[in-house]
Amino acid sequence: MLHPETSPGRGHLLAVLLALLGTAWAEVWPPQLQEQAPMAGALNRKESFLLLSLHNRLRSWVQPPAADMRRLDWSDSLAQLAQARAALCGIPTPSLASGLWRTLQVGWNMQLLPAGLASFVEVVSLWFAEGQRYSHAAGECARNATCTHYTQLVWATSSQLGCGRHLCSAGQAAIEAFVCAYSPRGNWEVNGKTIVPYKKGAWCSLCTASVSGCFKAWDHAGGLCEVPRNPCRMSCQNHGRLNISTCHCHCPPGYTGRYCQVRCSLQCVHGRFREEECSCVCDIGYGGAQCATKVHFPFHTCDLRIDGDCFMVSSEADTYYRARMKCQRKGGVLAQIKSQKVQDILAFYLGRLETTNEVIDSDFETRNFWIGLTYKTAKDSFRWATGEHQAFTSFAFGQPDNHGFGNCVELQASAAFNWNNQRCKTRNRYICQFAQEHISRWGPGS
């Protein structure tokens with residue numbers, strides 16, 4: 001089994017050789033160095049795992065401790081690049097001269113050694129040993145020493161790693177090329193001086209929002225910043241599945257709610273069941289929570305008639321879902337505004353209410369009015385209460401602005417009754433709508 005440690009004698013010999021060879025292998029090995037047939041394949045899975053684990057372990061051992069050190073993940077594409085560069089055996093190529101490698105924003109650690117002198121694990125360990133000659137406080141390497149392997153290996157913002165190895169020949173000698181590629185690259189310079197590779201501080205104390213998790217294996221000295229296993233900071237109940245991209249629970253049949261915490265056994269007598277909300281959409285002429293109540297159309301309570309539809313404006317305030325239920329009990333739905341005409345007429349009418357005594361509830365929240373539009377995280381779009389997609393829109397400037405927290409839509413008085421997404425628990429007045437098809441099928445006195 002390979003270990004990063006080497007015997008004292010062999011380690012000293014390797015250190016001397018590395019110091020002699022340096023990092024710019026094209027300057028050490030002559031142009032007549034010839035490429036040999038590739039080794040039998042690239043690094044195998046076990047070798048890749050060993051190198052990745054070693055890199056992360058060494059990154060957790062830096063002193064002083066790193067506050068922003070990222071955990072490295074293996075990249076097959078970087079491994080292919082590293083394998084291709086190892087196969088060059090140190091020979092300059094037009095692509096290298098043109099800066100192709102630099103445009104890829106890839107950082108490199110490279111070494112040529114006599115074949116069989118060292119394993120890849122030992123080479124990486126010796127790169128890390130360069131850190132003994134590096135001063136983090138001064139941000140520089142000791143005089144006449146090389147530390148660039150070390151600084152790239154522990155560059156905090158590098159998050160992807162891939163390595164390759166190739167056997168070359170130089171006359172009678174067999175030479176082994178070791179290459180590791182890192183992305184994003186490190187060893188950036190300012191005014192000719194390489195900046196420090198990481199910020200010192202308590203482990204994981206300066207992780208960015210996208211990598212706010214803290215990874216620490218059993219053999220790590222400190223933690224490494226990583227994409228959190230559960231960035232949503234939530235879990236789904238009753239065998240629901242969490243989509244960490246949308247922070248939405250996909251519930252099994254029979255359950256609903258944000259966390260699949262609500263058992264839904266509702267039966268719709270005269271209507272269709274909406275599983276995502278555990279509610280019924282009633283057939284024409286029926287109302288109530290289960291669409292079991294026969295209702296009569298109350299012509300005398302229409303506040304507005306627009307293209308045959310009846311709109312009723314409530315005088316009391318309630319939360320969005322209670323308001324929707326109250327409309328349904330009457331055989332209607334929360335208003336669905338599907339054209340500029342309806343929007344303009346409702347805005348004009350509600351604006352007049354502001355100057356009359358028709359607002360009987362003094363609650364400050366009742367200046368706004370619920371309509372039947374909500375944001376559905378599962379569909380990543382706003383939908384009407386009947387499930388239809390929202391085509392027409394009249395959101396106020398800067399709205400909608402808080403998906404996931406303000407999922408219900410109101411007509412906002414301060415924005416000339418254009419739309420605003422709001423917390424569903426807010427108490428607003430509301431507008432019920434009875435479609436023309438409802439009215440024609442019920443008929444007067446039915």
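Glycine is treated like the rest: Cβ placed from N, Cα and C.
If you look up Swiss-Prot, you'll see 1-26 marked as signal peptide. Among the features that Swiss-Prot reports, domain 'SCP' is placed at 52-182. For N144, the entry in Swiss-Prot reads N-linked glycosylation site. Annotated domain 'EGF-like' per Swiss-Prot: 228-261, in sequence order, evidence recorded as sequence analysis. The annotation disulfide bond is assigned in Swiss-Prot to C236-C249, C251-C260, C327-C432, C408-C424 on the grounds of similarity to another entry. Residues annotated as domain 'C-type lectin' in Swiss-Prot: 306-433.
Feature annotations (Swiss-Prot) mapped to structure.
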{"residue": "N144", "record": "N-linked glycosylation site", "Cβ neighbours (10 Å)": "7"}
{"residue": "C236", "record": "disulfide bond", "Cβ neighbours (10 Å)": "21"}
{"residue": "C249", "record": "disulfide bond", "Cβ neighbours (10 Å)": "25"}
{"residue": "C251", "record": "disulfide bond", "Cβ neighbours (10 Å)": "25"}
{"residue": "C260", "record": "disulfide bond", "Cβ neighbours (10 Å)": "22"}
{"residue": "C327", "record": "disulfide bond", "Cβ neighbours (10 Å)": "23"}
{"residue": "C408", "record": "disulfide bond", "Cβ neighbours (10 Å)": "25"}
{"residue": "C424", "record": "disulfide bond", "Cβ neighbours (10 Å)": "21"}
{"residue": "C432", "record": "disulfide bond", "Cβ neighbours (10 Å)": "26"}
C236 (disulfide bond) versus C424 (disulfide bond) - Cα distance in angstrom:
21
Three-state secondary structure of C249 (disulfide bond) from DSSP?
strand
Nearest recorded site to C251 (disulfide bond) by CA-CA distance, among recorded positions N144, C236, C408, C432:
C236
Among the recorded positions N144, C260, C327, C408, C432, which ones place their C-alpha within 10 angstroms of the C-alpha of C236 (disulfide bond)?
C260
Over the span of the domain 'EGF-like' (228-261), how high is the average pLDDT in this prediction?
80
Filter the recorded positions N144, C249, C408 down to the ones within 10 angstroms of C260 (disulfide bond), Cα to Cα, kept in sequence order.
C249
